[in-house]
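Database features, via TrEMBL:
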TRANSMEM  A:6-32  transmembrane segment
TRANSMEM  A:53-74  transmembrane segment
TRANSMEM  A:80-102  transmembrane segment
TRANSMEM  A:122-141  transmembrane segment
TRANSMEM  A:161-183  transmembrane segment
TRANSMEM  A:204-227  transmembrane segment
TRANSMEM  A:233-252  transmembrane segment
TRANSMEM  A:259-280  transmembrane segment
TRANSMEM  A:307-327  transmembrane segment
Amino acid sequence: MEQVVIAFLCLAILLYFLLGGADFGAGIIELFTSTKNRSRTRQTMYHAIGPVWEANHMWLIIAIVILFVAFPRIYTTMSVHLHIPLAIMLIGIIARGTAFVFRHYDAVKDDMQWLYNRIFRYSSFVTALFLGILAGSVLSGKIDPDATNFADAYIFGWLNWFSIAVGLFTTALCGFLAAIYLIGECKTDEDKKRFIKKAEYMNVAAVVFGAMVFFSAAMEDVPLMNWVVYNKVGLAAVTLASLSLILLWYLLLKGKTQILRVLAGFQVTMILVAISYAHFPNFIRLKGGDVVSLYETVAPEKTVLSLGWALVLGSFLILPFLGYLFYKFQQKEE
Amino acid sequence: MDDFLAARSQMALSLGFHIIYACIGMVMPFFMAVSHYKWLKTNNEVYKHITKAWSKGVAIFFATGAVSGTMLSFELGLLWPKFMEHAGPIFGMPFSLEGTAFFIEAIALGFFLYGWEKLNKWFHWFTGVVVGVSGLASGILVVAANAWMNSPAGFDYVNGQYINIDPIKAMFNDAWFTQALHMCLAAFTATGFAVAGVHALMLLKKQHNDFHYKSFKIAATFATVCALLQPISGDISAKDVAQRQPAKLAAMEALYKTEKPAPLLIGGIVDEKNKTVKNYIEIPGALSFLAHGDFNAEVKGLDQIPEDEHPPVAITHYAFQIMVGLGTVMMIISLIYFFILWRKRTILNTKWLLKLFVFAIPLGYIALEAGWVVTEVGRQPWIINGIMRTIDAVTPMPGIAWSFYLFSAIYFSLSLIVIFLLYRQIKMVPILYKSSNIDQ
Ligand code: HDD
Ligand code: HEM
Ligand code: HEM
């Protein structure tokens, strides 16, 4: 059952990155869209993510619940030492979620829209950035449980070059995912072209920030090279991700939407595999070389057993329903 | 403000905020399902308008409920890491089932809100019902988790270790049923009175009688039935508390001295320093009866409980008085409502009754928040009753006060925006009502 629970945890994290990420990305793209095209971007976006956005964010909750039920030490280590970035990310989640709904459901469309839009865009950016920073911090080896002063215990664990580079990289990836996703939702060729352009920019940004991640890893002594070059699976994943990049550009120019989506999802999955496989089952790397590992901190057997069953039964209920939701709203209205 | 107090205040604020949206998210789908059903059955367009108008308001609440709930699942760790480290594996079961329930709810909501012209009409109706049922299920589950904090079960506590963990037993602890029952009734009472009151206000303003009258009837029926059941369920809760948390009961009743028979105090000003109560009305023997079902039973007072395990008496006592007082008021309004309905068949011309409902708009929510203050403050100083103290659970991070100020500001502005949006929504009803096509 332990394996099942871990598999669900990985799945939830992955899907949150993909679906939630695309969702944040939509806001990020809007942020970087010229004023004159914004309202069209907004419409396409609303159309595409309106029905599924709440479901997309459930993956985060599933991941958190799995963490605190089955791996409480991981959950508490993160909540104590990464309190500040978590709180910022939460503020981002609150702001963008409410702004998104408010701007659509406000019965009167007036100047308030200006405010909602502002909030939505900036908070999407902040949320994605801090999600990335959190991911970076967990890997960075800078979290120091024995620190005696405030800055070491609560700030430098996440405020370091590596975490920030991962944050920026994540932001670019989110924008990229969203652009790719939205290409398929466009009604006119003109819109389509715009999103293709956006996807290209975001992809370039991702490559640049990706390079920054490697530099900062070297600066901060994060053994990133060991994970992605000297580890067979890591290397394979990175290679596949890079190869698919070429294919992706080709398809992008051709405007093939469905395969593009799959490919972009695949690419992000590979990136996550690459950075996590080599040190699995370690989850958090602490300062001084200690790790918090999934296997070692797992909750007692009965808890894991009942959680596992809850997840398995839950997915029998959820997945068909969810699939149908995506399917139903994928169909183009004739 | 010291960090411990700030953490407690932030938790209370977040929960108090979330509960309002959660209750609306739990209850409104049922109201909508009723009017939706009536529309499908009678083809009366008014019911369709009601369903749509409600569903737009509800979408706003859902989003706010979902984000504040997400916030809470992190806050448990951000503020109470030591608690979660031990409690997570024990009381996590309801949370993981709750995750499933939320998920189903979110999916069904997607179908419901965006499926008006796309789905088979009965399937569409059904998705609305699923939203309600799964919302209610998540409410019950999370209250079961809270009940575990009041009535810990499903583990053995030996030398500071939590062993023999059984999450199923923890979920079905002694308090879960009474608390969940009382909570569900409270949600229906509070939301029902609020919605009925708003429509009563519109009726008084002579706006679109049919629309508001039909809406009023649906909401008022739920509200009044539940308000009549609530005191019964509250009495069961009180007997339960007397058994498992005598300190909480004593604080609720401001009973400093053990008495046999014990009187019930109504009102009263608590003096915590001198451990006395002034200016109250006394009903002899009533507390003995309420707590133990026997007018002569002994009721444990705070004098039998070690001083360092006393909950804050004044807050608990006042909050309890508020809840019971408002519960009684709402019960009386409900009785009047049924009486008038029985005599006259319609309440449209009974202006003072409509005014009474307008007056009752906030009462249910005030009672609900007060009830939670009773439960939570009355459990102090324990976070897990009798096992772990709240002060031992709080995060080591300093500076929580800032976090509290920041989140207070956020919640405050969010509430303002929501009220503003709702006001606009209601103002738009006449326009929605006129145009026959009121899609998106
Ligand atoms: C509309 C709201 C509402 C109304 C009218 C009442 N209550 Fe209540 N009460 C709640 C809303 C509530 C609540 C907020 O939902 C609580 C907090 C925890 C819980 O399970 O329910 C609660 C808790 C609560 C508790 C503590 C339970 C515990 O700690 O386990 C008791 C003893 C009562 N109630 C008793 C009553 C009585 C005797 C009422 C008589 C009229 C009453 N309540 C009306
Ligand atoms: C008495 C207390 C509570 C009740 C009755 C309650 C009930 C509910 C309900 C019915 C919903 C769905 C309604 C909606 O989406 O608007 C909801 C949302 C949520 N609640 Fe609570 N809740 C309570 C406390 C908590 C606590 C303590 C937590 C966290 C530990 C929590 C976590 C959540 C989460 C994560 C969501 C969002 C789910 C979504 O996206 O739909 N809730 N709550
Ligand atoms: C929505 C209704 C609720 C309200 C208004 C509420 C209110 C409060 C208040 C006033 C406190 C501070 C008590 C004090 O320190 O004096 C508190 C603390 C707390 N509550 Fe609740 N509560 C609610 C439901 C819940 C639920 C459903 C859970 C868990 C499943 C929960 C978990 C906690 C925890 C962990 C604390 C902090 C520790 C403590 O003070 O005991 N609460 N809440």
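In case you wondered, yes, glycine gets a Cβ from its N, Cα and C as well.
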When each of A:6-32, A:122-141, A:161-183, A:204-227, A:307-327 is checked against the transmembrane segment (A:259-280) for Cβ pairs under 8 Å, which one has the most?
A:161-183
Remote residues contacting the transmembrane segment (A:204-227) - C-beta distance under 8 A, at least 6 residues beyond either end:
139-142, 160-162, 164-166, 168-169, 171-173, 175-176, 234, 245, 274-275, 277-279
Under a criterion of three or more Cβ pairs within a distance under 8 Å and sequence separation of at least 6, are the transmembrane segment (A:122-141) and the transmembrane segment (A:307-327) in contact?
no
